[in-house]
Amino acid sequence: MILIKALLLYLLACGLGVADEAVLTEIAARLAKTPIAQGDFHQHKQLKILHKPLVSKGTFTYDQSKGVIWKTLTPVVSLLLVNESKLLTGQGEQAVPAAFGKVFKAMLGGDLAALTDGFNITGTDRKTSWQLELSPKDEMLKKIISTMLLSGDTELRWLEIREAAGNVTRITFDGITHPAQLTEEQEADFERLSP
Amino acid sequence: MSVYHPKLTAGLWLAGMLAICILGGQALTKDWLETSFLALLPSNEQQPEIAKATRQHNQLSNRKVVWLAGAATSDEAIGHAQKLKQQLEQSLLFNKVVLEIPQQQYIRQYRQLFPYRYQLLDAQTQAILATHPEQLIRQNLEMLNSPIGQMQAADLERDPSLIFSRYFNAQNPVKLNLEQGIVVLSDRQRFYALLLTELQDERLQLDKLEILSNLVDGATEQVKADGGELLVSGMPLFTAHGAKAAKQEISTVGIGSSLGIIVLLWATFRSVRPLLLSSLAIGSGLLAAWVICVLFFGKIHILTLVFGASLIGVADDYAQHFLCDSFGEKDWNPRKGLKFILPGLTLGLISNLLSYAGLGFSPFPGLQEVALFSAMGLLVAWLTVVLLFPLLLTGFKFDHQPGILKLTSYWEQHWPLWVSKHRRGLSLLLTVFIAGGLWMLTPQDDVRLLQSPPAELLRTADKIRSLFPMSPDNRFFLVSGQDQADWHQNEQRLLQRLDMLKQQKSLTAYEGLSGYWPDVNRQQQNYRLLKQKLYDSGLLEHYMTDLGFEQTAVKAELKQFASAESNTLALPEWLATADEAKQQLWLGCDSGRCQSTVALTGISDAGALTELQDLPGVVWVDQVEAVSSLFARYRIRASGLLLAAFCLASLGLGFKFGWRNSVTIMSVPVVSLAVSLAMLGWFGQLFSLFNLFALLLVLGIGVDYGLFFFMAGDRRASTSLGVTLSALTTLLAFGLLAISSTEIVHAFGFTVTAGIVAALLCAPLIGLKTISSE
């Protein structure tokens, strides 16, 4: 995914990351480079107090300049739209929740400076797949998130968020494509984000 | 003053001035200078409760200064803000400097309100529960499954239905993005870190305001040098700017007019004595005015001093008249001089005092101060001239013919002749000029014209408002009820209507206590609603089981709900948990009445809002509009006052000199007033209440000049000199006011200047024919 690629390049350029430079270069080289990515996601959220996971499925669209469309199809249909300055959900415009909001935006919206400034990053690159581990530096963020794991090949395939409270969210991405342009529906969704 | 005892009168004067000096010594030890713009406005004349509500509503905003440190990335912005925070804390100007939003307060509030969660429902949750309770469950699933649902997920254990989470979020309707605990705002080009400060005092002393101004300038430069941008706004900044401008103007006007007067007097008298005497008259007048004003009002406003500085010119009239009289006769002595000029001086003083008494009847504290200041200044200047000058002028004699005397004599002799030769053409011209000017004259009563902050300050304020739409408008609703229940009902009705208007985008947000705190009846209703729709219906149990809660957790929740039935949360307890902005909304209950204010943000359709005051117990309070309409009313009232002062002066003169002569004398102020008004029209100047007060001054001075010439008899040459000198000094003073950047001061100066020039031109035409009759 382009944003991961860009992130890695950014890490290299700034020399801020602690990951082995060679590994990051390799990973960056493997990632597909397009401004638009879309696909299906499968989210598996395990909350400590519930004896079964919250499972949701849907589609996502990433546009380098416009932001992210996160469309949940099951168990309830809902739409989440986010860019650098705005977050829209079924309940209307929301504040991006403290600290975590920034991470989410950074993951899906490409706010790379936030990730590199806020996390210690280590990585491994194997023949079939690569993996990155991000742990927050910020004290406030640490109270919410302990680590985040990212894994993929030419795309980001898998993302795991381990919360400090013990809840774990696993998101897998499938059927990723890189269309040259957005569909009318996607354009209309992004239109709602513009001020 | 038929008995002439120069030593005795001088002694009296000395005793009086000593008393004033002693009082002045005491006054100086107090904090006597008022700089707040609000102090100029009348405390609401209609109802004391509106005044109280207004005061409370303004309390926070009068002290609040908002700082936004901007940069290309949010981290840089936060960096600038952190640096700025240190600087602000070191300044010791603020009792609060908030950068990191204190999480402790939220946590404490959450804990304190949590036991009442089944009683506290926000309006939206109430509506959903009443009509589609299953929708609530759906929304919960949506939130929990959302990739940003971490906070809700964390709450789920304590609050499985998430109703308290909903209530808690509804308390802060404007959502702000937090990074590292700091509010970060964005306009898509830059990120801004927000810093809120609160000044220690609501009414800052001048030196503190100056420190604030310098601090803002310094910090702006600093952030700019670091590659960022700093936006600062707040009421104190506007006050600081006004105070700074006024201070500069006081020194410009004061120094300018003093210098001008010194040059004029030196050129005329070529002696130090008149100069010193004039200064003494002016100085004692100003000192007495200042001391008496501080004693009477406690504090004196900086704008009063601006007007006061211009008083120099008027106070000088008496001294000039006395001094110039010495040119009138070969064997002049102070005794003869005083005898000759005293009636004119006294009548002049009385007419001036009458004009200022008019100012004193306005409800504007600022104008009352100006009135007292001016009246006292003039009275004491007059007393100085009458009581002290005879002694100090003993043996005083000029042995030169000042050049200016030749000029004014020539002027006094030839100007009336020229006018009478061209009187037809001139009167036609004058009529057309006056008629045209009056035709174009349009009153403007907007109180905002009182302050003319620089465009940049306004632009910054607008920019901050668009980024951070949290500062409430100065318009608000005042809601009352006979008791708490009645008040609650009235406010709820208002909030419902406001919600509709909000959806129609008439405003962006509103804040009323009843929206957060349900009264005791409502709390019970809320509990019953939850019981009926969620708990007894089995909906909650079903939802919890489906979600994967253990059976023990479900049972525990049902049990907690059952045991909370009799909980009630009283308003004082709720208020104790709320932030300052919300606490400020409550005005309290007394003598069978409970009151609160409803704050509004981002008003775009004020018309729609004013309609809501038809609701029971609801009053729309628009301070600006109220004061503006007050201005309009008092402009009309002041016009009446002007007319009354005019009639009074005419009557007095008529009584003393006969009707025909009265009309002759009064023609000077009449033409001066008309020309002054016409000039305002032709030049498209601000025409408001304040011009009318300037016109009162023109009336007084016009009568003075008319009188002096009327009574000049064979001393027309020295009278002409006296009038010209005093007109020139007055022009120096008021002409300088016209350069003021404050609109009303400028308008005042312009009006008086136009009026005095007209009076100076008209006055010599008076009294020519009376020479024979005297």
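First residue shown is number 1, and so on along the chain.
Positions of Cβ are set from backbone N, Cα and C atoms, glycine also.
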**Study point:** Stated TrEMBL location of transmembrane segment, expressed as one of B:289-312, B:745-768
**Key:** B:745-768
Check your understanding: Under an 8 Å Cβ to Cβ limit, what residues of the same chain, 6 or more beyond the ends of the transmembrane segment (B:636-655), are close to it?
Key -> 347, 350-351, 354-355, 358, 361-362, 661-663, 665-666, 669-670, 673, 689, 692-693, 695-696, 699, 703, 707
Practice item. Test the contact criterion for the transmembrane segment (B:340-359) and the transmembrane segment (B:689-712): 3 or more CB pairs under 8 Å, pairs 6 or more apart in sequence, then answer yes or no. Key: yes
Check your understanding: So which residues does the transmembrane segment (B:745-768) touch in its own chain, when a touch means Cβ under 8 Å and the partner is 6 or more beyond its ends?
Key -> 249, 303, 306-307, 310, 411-412, 415-416, 419-420, 664-665, 667-669, 671-673, 675-676, 679-680, 683, 685-688, 690-691, 693-695, 697-698, 701-702, 705-706, 708-713, 716, 720, 723-724, 727, 730-731, 734-739
Revision key, fill the gap. Within the same chain, the residues 6 or more beyond the ends of the transmembrane segment (B:662-683) and with Cβ under 8 Å of it are 430, 433-441, 642, 646, 649-651, 653-654, 691, 694-695, 698-699, 701-703, 705-707, 709-710, 747, 750-752, 754-759, 762-763, 766-767, 770
